[in-house]
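Listed features, source TrEMBL:
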type	residues	note
TRANSMEM	21-40	transmembrane segment
TRANSMEM	46-69	transmembrane segment
TRANSMEM	76-96	transmembrane segment
TRANSMEM	108-130	transmembrane segment
TRANSMEM	142-162	transmembrane segment
TRANSMEM	168-186	transmembrane segment
TRANSMEM	217-237	transmembrane segment
TRANSMEM	257-278	transmembrane segment
TRANSMEM	290-307	transmembrane segment
TRANSMEM	313-331	transmembrane segment
TRANSMEM	352-369	transmembrane segment
TRANSMEM	375-399	transmembrane segment
Amino acid sequence: MVKNVGSVVRWQVAKLALVQGMQAMSSAFFTCGVVFTGAASSDSLGLALVLMFKTLPTLVMAFLGGVLADRLPRKTLASGMLGGLAISYGVGTWVVQLSGLGWPVQAISLAAGIIGAVGSPALFALLPSIAPPEDIVRANGLIRTFRNAGSVVGPLLGAWLAQLISPSFLFLDGAVCLAVSMPLVLSLKLMPSCDDEANNNDDDASMISALRSIPSLFHTYIWLAVGVPFWALFLAVQSGATDVTMPLWVVQESGRGAWSLMASITSSGYICGSLIALKLERPRHMFSKSVLFGALAIMPIFVVGTLDIQVLWYVASFVAGLGLELSGVFWGSTMQTCVDKRHMGRVSSIDYAISFGLIPLAYGLYGFTGTIHAAVVLTVSSSIMIVLVIIVFPFCYLIDHRSNSSGIINSSDV
């Protein structure tokens with residue numbers, strides 16, 4: 001019987017992993033379509049604005065999504081998000097042919113950002129509902145393996161399809177991937193203690209009071225007050241440099257193939273990281289390790305900004321992918337093992353909203369810099385990221401050092 005239960009859990013995790021893999025491929029198609037369209041017309045500002053509007057709702061709408069994920073069926077919210085994104089991408093297929101990266105595509109990107117921000121906390125909160133705590137790290141590894149596989153295939157297939165047909169066709173490909181994912185989410189079977197349809201946490205609280213309770217979670221889980229602001233600043237700089245300045249610079253100097261290869265090699269690093277995570281038990285010092293491995297993301301930004309050697313670009317891209325993957329596994333596992341399931345939606349919304357909330361501002365800022373001084377922008381960005389790691393790591397180590405012997409960080413540990 002135990003063996004059968006384990007098989008059921010593995011199958012549910014595999015389905016969730018496939019969903020996230022398809023979502024990652026869809027996101028890669030969208031990014032390739034936007035980048036190739038922007039590069040063809042040298043529209044760095046248009047590229048930055050499309051990316052900015054897609055992430056702009058994160059800071060506000062994700063909090064609403066977190067409250068909804070704690071009060072409503074998470075499978076329904078997650079599948080609704082996938083369907084809404086599929087419609088947005090499908091409409092973008094023909095709009096981008098008419099207006100390039102102008103305001104209609106930017107409006108569609110904003111709509112997709114709102115839908116994603118509201119639904120993502122529910123999708124993130126599903127994993128603790130289908131996998132027991134002792135298997136969370138390995139389950140994260142499996143899910144991220146599929147997601148990273150989608151990120152590898154997406155840019156390569158996207159570059160080929162853009163050359164064969166057109167960049168706008170990639171939006172339709174993304175919509176198809178999302179549509180296929182919807183029934184998989186709805187078919188997930190949750191553990192009895194986490195019945196999605198009976199998710200009535202905080203029933204006596206209004207939506208407004210539930211939203212107001214979000215800041216108190218920083219007191220309940222004090223380590224969030226260190227980790228979330230760090231990731232907000234670190235990922236803002238990293239995303240602006242990696243998603244705006246670096247692809248435009250690489251495409252301009254070395255062509256589409258070089259950028260697509262870098263993106264796929266980065267995703268290969270992600271896959272290696274997730275495969276390593278599959279072998280990990282619940283390790284100690286997960287918080288500190290998330291920061292140290294995340295610091296490897298600095299390498300390609302620094303190398304592309306200072307060295308015109310493509311082989312080193314590719315090596316640095318792989319190292320960055322490996323580091324970011326293990327960093328994400330450790331950080332995600334820290335949250336999923338340390339947070340009460342009643343708070344999982346809201347805590348994930350805090351992480352999602354604040355950690356990624358500065359990214360749209362970074363996109364706008366990096367978009368205005370263009371590619372004229374790209375090398376300087378990349379070098380300065382890598383320097384800022386190094387300083388952030390040096391400042392925050394001692395605090396992370398102190399928090400980990402005070403955690404209990406199991407490695408779980410509770411509010412009483414700091």
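Note: Cβ is positioned from N, Cα and C throughout, glycine not excepted.
Since we're looking at a predicted model, the values are computed, not measured.
Counted over residue pairs 6 or more apart, the CB atoms of the transmembrane segment (21-40) and the transmembrane segment (142-162) come under 8 Å in at least three pairs, which marks the two as touching.
For the transmembrane segment (217-237), the partner stretch with the highest count of Cβ pairs under 8 angstroms, out of 76-96, 142-162, 257-278, 290-307, 352-369, is 352-369. Contacts between the transmembrane segment (352-369) and the transmembrane segment (108-130): present, as 3 or more C-beta pairs lie under 8 angstroms, all at sequence separation of six or more. Same-chain neighbours of the transmembrane segment (168-186): 15-16, 18-19, 22-23, 25-27, 29-30, 32-33, 36-37, 75-76, 78-79, 82-83, 85-90, 92-94, 96-97, 123, 126, 150, 157-158, 161-162, counting only residues six or more beyond its ends whose CB sits under 8 Å from a CB of the stretch. For the transmembrane segment (257-278), the neighbouring stretch richest in Cβ pairs under 8 Å, chosen from 76-96, 142-162, 375-399, is 142-162. Outside the transmembrane segment (142-162), and at least 6 residues removed from its termini, the chain residues within Cβ reach (under 8 Å) are 13-14, 16-18, 20-29, 31-33, 36, 127, 169-170, 173, 177, 256-257, 260-261, 263-264, 266-268, 270-271, 273-275, 277-278, 321, 325, 328-329.
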